[in-house]
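Per TrEMBL, the features are:
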- 134, 160-163, 236-238, 242, 297-300, 489, 500-501: substrate binding site (BINDING)
- 156, 336, 398-407, 409, 431-434, 457, 491, 497: ATP binding site (BINDING)
- 156, 158, 402: Mg(2+) binding site (BINDING)
- 227-333: domain 'Glutathione synthase substrate-binding' (DOMAIN)
């Protein structure tokens, strides 16, 4: 087998080439908001007591090679995934059957379901829901059949706080800029070229989704100015990613947005008599806005609810007339248990939500095998696989959590399960590991350059706005549905986790190549 120019990608750099590339990359990144707040380990609190300093987000120096057919497949199937998860969120009875398996063994899921029931008891006053989704994939190569082609397999589907849409647009711009000013060595210009790079439109497209919900809300009920509310964590390390959406929302759609730390919700918002949500900015107490849309960038983790007041705040927001992104039912639709129920081999559930056989077949082809850890036949088989060190080495154990850093991998699974009461095993799913092709790249993190083997994870964003149906008496209606750009996260091949905000991955963009040219 002959060598390929991709075999030496990315190239070794001379000291002069590396210095120029790193200086240009750092300057461009800070100037364009491709940044994060530094972690405490990077800048001590006493050096930055106000928390205003920022650092370049972890980024790759070069765009990573990615099979063109897999990239195009991921973008093309996103509207089907939007349809699938909006349908799940509308089907309360089906979702109830899933959630009721978890409420006694997963307090967080139980509290979310209780929030839904509390709102339902009073009556939902908003029939519209917005999803800014992200479906995450890896390129899978069948290790037992080297001649087989690569394909996409889904890692997970995110229904809440699907991050890095802002930074993704910036990293693809950065790589194109570095190409245009000849910062890359001439030896790779046959690989990195304008046609091979793909600009992500995610910041603008996700902002358009928020603007669509804002418009669909209709005229003000109170005569006040309208706004969108970003509910965020405090402190928020990923503020710049969110700001890009906020700026696009204002500059491209003329929609005003405000940022509200989750724990301050009850201090700065109130419901009027018909549950219209009103927001008074603390810097301008004489001005009150009517909120059309709540964009949750907090509330996805149990850590966001340290006290009961945060649960009261979530209930307060869910009861309101504002359109939620996501609603609590859409949040619950993103549970790993839902993914498992859909993807377990021979599952009959997918066609319930995607009646078109051709569409359902395309979605099914992206599923990796996933199993429950319950008393079903599939669950009993999964327990055997998970407790055996040799077979467990092909799997990952996942809880019902978002945000990175929660999974248990491979040979660590049996030991983990030994320490976990068996009554809590059904709160986890067992997923077959996806085997990506070997790649190399260089990652800049906290000023340090790390070069070596890497693994890429493609995230495809989607926007979906739908009507739930009056009191659940009809099937609802999808009003908007589009693919909204992409994210590529790259991590060292020795790291199982890929979350950038959680400290594992780096933001990247694609350099499209023919299938089989990435080492597959």
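Heads up, the Cβ atoms here are built off N, Cα and C, so glycines get one too.
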Consider the binding-site residues 237, 298, 300, 399, 433 and say which one has the Cα lying nearest the Cα of residue 158 (Mg(2+) binding site).
300
Winner by Cβ contact number (other Cβ atoms within 10 Å) across the binding-site residues 161, 298, 433:
161
Measuring Cα to Cα, how far is residue 134 (substrate binding site) from residue 491 (ATP binding site) in Å?
18
Sort the binding-site residues 161, 163, 237, 298, 300 by C-alpha distance from residue 491 (ATP binding site) and give me just the closest.
163
Grouping DSSP H, G, I as helix and E, B as strand, the residues of the domain 'Glutathione synthase substrate-binding' (227-333) number 43 helix, 28 strand, 36 coil
By a 10 A CB contact count over all chains shown, which of the binding-site residues listed here is most packed: 300, 409?
300
Residues near residue 156 (ATP binding site) in space but at least six apart in sequence (CB under 8 A):
135, 136, 336, 339, 398
Can you count the other CB atoms that lie within 10 A of the CB of residue 399 (ATP binding site)?
18
If you measure from the CA of residue 298 (substrate binding site) out to 10 Å, which binding-site residues from the list 399, 409, 433 are inside that radius?
none
If you count other C-beta atoms within 10 angstroms, which of the binding-site residues 134, 237, 491 is the most crowded?
134
How far is it from residue 433 (ATP binding site) to residue 161 (substrate binding site), counting Cα to Cα, in Å?
24
Round to the nearest Å and give the CA-to-CA distance linking residue 163 (substrate binding site) with residue 409 (ATP binding site).
23
Euclidean distance between Cα atoms of residue 161 (substrate binding site) and residue 399 (ATP binding site), Å
17
